[in-house]
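Enquirer: Before I ask anything, let me first share the structure, which is written out below as structure tokens.
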Amino acid sequence: MNVVKISPRGYCYGVVDAMVLARQAAQNLDLPRPIYILGMIVHNKHVTDAFEEEGIISLDGPNRLDILKQVDKGTVIFTAHGVSPQVRKLAKEKGLTVVDATCPDVTRTHDLIREKSQEGYKFIYVGKKGHPEPEGAIGVAPEFVHLVENVEDVESLDISADKIIITNQTTMSQWDVSEIMKKAMEKYPQAEVHNEICLATQVRQEAVAEQARECDLVIVVGDPKSNNSNRLAQVSEQIAGTKAYRIGDVTELQQEWFDGVETVGVTAGASTPTPITKEVIAFIEKYDPSKPETWTPERKVTLQKILPKVKIKK
């Protein structure tokens, strides 16, 4: 079957940096044990499973602060999504060693909220409720930040302030953010806009918006918890008009999706391991509806091939 390898796709620099830091931590025998990750280092189960094989424990919970309360000793890794100042404070009070893998793009948003809230600004923050990135950003100045996920949330806002900044989670759909920000500006014309969609998210979405038009179907390889992966599928359907499915790996492909399809576009979320995506591409390229031997997807990528190679610090 014909495959369009939508490019750019896959890992962004923030994800790679986070995984390298976590892997260096796993191999650094000087760091106190056990080593924990507060949440998923990046939103991909294959990656977290691979780290567990290296002895790193991924902790889950309703929020980062509650997760950290489970930890009494050792080392904690802050994920690429960032954490609130309250989490940093508690880690320090507990005497824990901290490895900070926060994406620099996320840190920039935290700095904006910290600096401008001290000047009396209120914030309208466009983000996904329940996602760790907004949790960390809002935690910088919770009394100044209002989280909105859609236009309806904007309509229900009641902010009395002359100084307002509208900003956003880095991995949102740029089209959704634009629509929500437009509505917010109509309601609060005095507001300033600081669009914080990261470049990696933006160019991957634009690639899908353009290249998916050439395809009958688009497959997005990414974890269900990965917001940027889910947004890529949304962009394919809503902007390019091409049906899309998000899958975790090759085993989730369904044969009926390919009925009447000649060209399949494949892209991947920013936290999706490259070998997982390559396996999906290879399967679809070999798939032939007239040859039953090509119909059964099988995952052969081992966890050992998931994580980036790192130099052991001596």
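Numbering starts at 1 and runs along the chain as it is shown here.
Just so you know, glycine gets a Cβ as well, placed from its N, Cα and C.
Annotation comment: Swiss-Prot describes E133 as active site, proton donor, evidence class sequence analysis. Under the heading [4Fe-4S] cluster binding site, Swiss-Prot lists C12, C103, C198, citing sequence analysis as support. Per Swiss-Prot, (2E)-4-hydroxy-3-methylbut-2-enyl diphosphate binding site is recorded for H43, H81, H131, T170, S226, N228, S271. Taken from Swiss-Prot, the feature dimethylallyl diphosphate binding site covers H43, H81, H131, S226, N228, S271, and the record attributes it to sequence analysis. Annotated isopentenyl diphosphate binding site per Swiss-Prot: H43, H81, H131, S226, N228, S271, in sequence order.
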Enquirer: Taking the residues H43, H81, H131, S226, N228, S271, which the record names as binding dimethylallyl diphosphate, find the longest CA to CA distance and state it in Å to the nearest whole number.
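Expert: Between the most distant Cα atoms of the dimethylallyl diphosphate site, 15 Å.
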Enquirer: What kind of secondary structure is the residue listed as 'active site, proton donor' part of, going by DSSP in three states?
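Expert: Note: the residue listed as 'active site, proton donor' is helical by DSSP.
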Enquirer: In whole Å, note down how far the CA of C103 ([4Fe-4S] cluster binding site) lies from the CA of S271 ((2E)-4-hydroxy-3-methylbut-2-enyl diphosphate binding site).
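Expert: Here the two Cα atoms are 12 Å apart.
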Enquirer: Of the recorded positions C12, C103, E133, C198, which sits closest to T170 ((2E)-4-hydroxy-3-methylbut-2-enyl diphosphate binding site) by Cα distance?
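Expert: Minimum Cα distance from T170 ((2E)-4-hydroxy-3-methylbut-2-enyl diphosphate binding site) across C12, C103, E133, C198 lands on C198.
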Enquirer: Anything within 10 Å of E133 (active site, proton donor)? Look among the binding-site residues H43, H81, C198, S226, N228, comparing CA atoms, and list what you find.
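Expert: Of H43, H81, C198, S226, N228, within range: H81.
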Enquirer: Tell me which residues of the chain lie with their Cβ under 8 angstroms from that of H43 ((2E)-4-hydroxy-3-methylbut-2-enyl diphosphate binding site), as long as they are six or more apart in sequence?
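Expert: In sequence order, the residues whose Cβ lies under 8 Å from that of H43 ((2E)-4-hydroxy-3-methylbut-2-enyl diphosphate binding site) (at least 6 apart) are D223, K225, S226, N227, S229, G269, S271.
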Enquirer: I need the CA-to-CA distance for H81 ((2E)-4-hydroxy-3-methylbut-2-enyl diphosphate binding site) versus C103 ([4Fe-4S] cluster binding site), whole Å please.
Expert: 7
Enquirer: Rounded to a whole number, how many Å is the Cα of C12 ([4Fe-4S] cluster binding site) away from the Cα of H131 ((2E)-4-hydroxy-3-methylbut-2-enyl diphosphate binding site)?
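Expert: One finds 19 Å between the Cα atoms of these residues.
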